Ligand code: GRF
């Protein structure tokens, strides 16, 4: 008799409220499980949620210890937790080339634009200023190039007359919450 296939072990990295982490957690148990939620901001609201949800957490600020020591400790914590994949979910720190190389092909990120458009910050304001008819979000592999790795999935939403960066962000965020769990599940299965 064969049992259910093992769930892929995912570490989720956050820096803030963690709504994408919550969406990932809501869909865990089918293709993947979350083995640790890690944050570079010990005060991140998402970390408190993860703790309450009973998820293992790891919090460490690079402040005072430097990027190299911080990333070494993060790497050790993720491996200790048994992570096979890393899902960045509002993680606002650039990972070093060394870190990316150690996890090559196993780090994914969600970005609030239709990549390759609007890499970096202020994506919604830039899409509105450009007069775009639609915006959206992308899940992509993380490489050494900021928001530059292979796009694994995208969701589109309209930009409506009168939209502000905030109203557009809200519409895109709802799409993010649907897209990320689906793409992550596909990714770990392939
Ligand atoms: C999301 O818009 C995500 O695309 C971007 O940062 C935001 C994080 O939001 N990378 P949350 O912390 O998941 O609520």
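Positions of Cβ are set from backbone N, Cα and C atoms, glycine also.
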Given TrEMBL annotates 92, 93, 94, 95, 109 as (6R)-10-formyltetrahydrofolate-binding, which of 9, 67 belongs to that site as well? 67
For residue 95 ((6R)-10-formyltetrahydrofolate binding site), what residues in its own chain, 6 or more apart in sequence, show a Cβ-Cβ distance under 8 Å? 71, 107, 142
Near the Cβ of residue 20 (N(1)-(5-phospho-beta-D-ribosyl)glycinamide binding site), how many other Cβ atoms are there if near means within 10 Å? 28
Recorded positions (67, 111), the one with most neighbouring Cβ atoms at 10 Å: 111
Filter the binding-site residues 19, 92, 95, 109 down to those with CB closer than 6 A to an atom of ligand 1; keep them in sequence order. 19
(6R)-10-formyltetrahydrofolate binding residues 67, 92, 93, 94, 95, 109: largest Cα-Cα distance, in Å and rounded to whole number: 20
Out of 19, 109, which of the binding-site residues is least crowded by other Cβ atoms within 10 Å? 19
